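Per TrEMBL, the features are as follows:
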type: DOMAIN; residues: 102-215; note: domain 'Phosphatidic acid phosphatase type 2/haloperoxidase'
type: TRANSMEM; residues: 21-43; note: transmembrane segment
type: TRANSMEM; residues: 70-92; note: transmembrane segment
type: TRANSMEM; residues: 104-124; note: transmembrane segment
type: TRANSMEM; residues: 144-163; note: transmembrane segment
type: TRANSMEM; residues: 175-194; note: transmembrane segment
type: TRANSMEM; residues: 200-220; note: transmembrane segment
Amino acid sequence: MQKNRHNPQSKFLGNTPNQQWLYPAAVFTIAALVTAVLVEGVLRRGSLTIWDPPVTCGALGLRAPWLTSIAQIFTFMGTAWFLAPVAALLVVTLIMKAQYLQGLIATSTMLTGLGLTSLLKHLIGRDRPPSIHQIGDFLGSYAFPSGHTLNTFVVIGVLTYFLARGHRRWRNVLVIFWLIHALLVGASRIYLGYHWLTDVLGGLAIGLAVLCVGYAALLFTTAQQAPHQRDICSAKTDSVGCPWPE
């Protein structure tokens, strides 16, 4: 009798098919609501934004040469110079493994994050903190959401998903590293004077929503491939279960 094997992908966020869809749907809803609240607050300069100047002032008070150097390193990790090669390496690896559909979804997810960054910046048109507070090159572009934070969260999040899928023992460590990394990139943007707190929170919320859509797309494609995979396995053996496609 053939043993049932759960999709390894299902173990990333849940153990049953229903849980697989429930988690990304719930998280997407929460992320979308948080984004809406932040956008409304930024546009109307509501109560949320009153925390922006105090947080920025607090960050300015922490400045020290050694801390500035660390912040600049993390800010670099949120630039295209760092994220683009990471994204390209991931996609090329998936293509080399003949995981073309997964590569397409990964690419689409990361490009969606990039596109939303540019679109929302121009639609919302929020000014950055005063240029006198910026350490480094002057940036005159719009502030909300933080592109460094959003794209770091998405690109490293996609990378973490595929790494965690192949290295299950290290899954929790990888996820924690991803979250801390994104938070530090966001914090560096506040410290260096380029963003308000709500810009960074917006980047995190929007990035999370984008990742949920990408994860749902991966679940859907795996569900479509599963019956075909089971048929192949049944034809090969009657006694040994067949693992689901990675």
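Each residue, glycine too, has its Cβ placed from N, Cα and C.
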Sequence-remote partners of the transmembrane segment (21-43) [C-beta within less than 8 Å, at least six residues beyond its ends]: 13-14, 49, 120, 124, 126, 144, 198, 201-202, 205-206, 208-209, 212-213, 215-216, 219
Any contact, the transmembrane segment (70-92) to the transmembrane segment (144-163), with at least 3 Cβ pairs under 8 A: yes
Across the domain 'Phosphatidic acid phosphatase type 2/haloperoxidase' (102-215), average pLDDT on the 0 to 100 scale: 93
Cβ contacts under 8 Å made by the transmembrane segment (144-163) with residues that lie 6+ beyond its boundaries: 12, 38-39, 42, 75, 77-79, 83, 86-87, 90, 94, 102, 106, 109-110, 112-114, 116-118, 120-121, 124, 126, 170, 174-175, 177-178, 181-182, 185-186, 188-189, 194-196, 198-200, 202-204, 206-208, 210-211, 214-215, 218
